[in-house]
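Chemist: Could you have a look at this structure, given as structure tokens, before my questions?
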Amino acid sequence: MGHLDLAALREEYARAGLDEADLAPDPIAMFDRWMGEAHDAIRHDANAMVLSTVGPDLAPSSRMLLLKGVAEDGFVFFTNTASLKGHELAANPRCSLLFPWHPLERQVRVDGVAAPLPRADVEAYFASRPRASQLGAWASHQSEVVSGRAELEAAYAAAEVRYPDQVPTPEEWGGYVVRPEVVEFWQGRTGRLHDRLRYRRTPGGWVTERLAP
């Protein structure tokens with residue numbers, strides 16, 4: 001079986017444009033607008049994002065996560081802090097988020113610094129999760145090598161027995177807010193002359209710039 005001819009795969013982007021006059025006063029307000037439109041158009045996992053981090057050896061790593069909140073100071077997500085991403089953020093809190101909204105021919109890139117959320121916020125979110133997800137957090141020592149799926153299923157069954165009622169928040173379960181320094185909004189256009197409008201934080205506030213595609 002031959003390889004798919006990836007070089008021949010092309011799409012023409014012609015859904016919409018993005019002008020400077022379309023921008024909100026700040027990137028959080030602009031993101032809220034685009035996220036709402038993405039949710040209306042996509043529904044399924046419109047809040048999915050790629051989180052990229054860098055370890056002490058300067059090797060990058062990326063993974064898909066779900067955005068769980070947008071605050072005045074940034075973008076909120078939750079995860080196991082003992083995972084690879086947790087260790088890398090502890091060593092270097094600078095990170096990047098990418099929201100790929102293919103049906104809208106849009107993407108948003110966020111570069112910023114991750115800061116841990118208060119424990120009360122973490123526990124409040126964990127308490128809102130479905131019981132199955134709570135038990136899964138106890139069963140999985142994220143990013144560690146396991147002997148097979150049976151080991152995970154046994155750990156899950158043990159967690160069910162251990163916590164027949166309320167499931168407490170694991171100590172290593174945490175959350176972060178990514179405080180943005182740069183937020184770029186990308187809209188596909190015809191002829192590959194895409195619109196790229198960037199918010200950049202300065203001591204005097206946010207400035208907006210158009211970038212060549």
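Backbone N, Cα and C define each Cβ position, glycine as well.
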Chemist: Out of Arg94, Arg131, Arg179, Arg196, which one does Swiss-Prot list together with Arg63, Met64, Leu65, Leu66, Leu67, Lys68, Phe78, Thr79, Lys85, Gln107, Gln142, Ser143, Trp186 for FMN?
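Modeler: Swiss-Prot lists Arg63, Met64, Leu65, Leu66, Leu67, Lys68, Phe78, Thr79, Lys85, Gln107, Gln142, Ser143, Trp186 binding FMN, and from Arg94, Arg131, Arg179, Arg196 it also lists Arg196.
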Chemist: Only counting partners 6 or more residues apart, tell me which same-chain residues put their Cβ under 8 Å from the Cβ of Arg129 (substrate binding site).
Modeler: Ala137
Chemist: Can you check which residue among the binding-site residues Leu65, Leu67 has the largest number of Cβ atoms within 10 Å of its own?
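Modeler: Within the set of binding-site residues, the most crowded position is Leu67.
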Chemist: Given the binding-site residues Arg63, Leu65, Leu67, Lys85, Trp186, which one's Cα is the least distant from that of Arg192 (substrate binding site)?
Modeler: Trp186
Chemist: Within a 10 Å radius around the Cβ, which one of these binding-site residues has the most neighbouring Cβ atoms: Arg10, Arg63, Lys85, Arg192, His194?
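Modeler: By the 10 Å Cβ neighbour count, Lys85 comes out on top.
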Chemist: Between Arg63 (FMN binding site) and Glu12 (substrate binding site), how far is it from one CA atom to the other, in Å?
Modeler: 28
Chemist: Looking at the binding-site residues Leu67, Phe78, Lys85, Gln142, Trp186, whose Cα is closest in space to that of Arg10 (substrate binding site)?
Modeler: Trp186
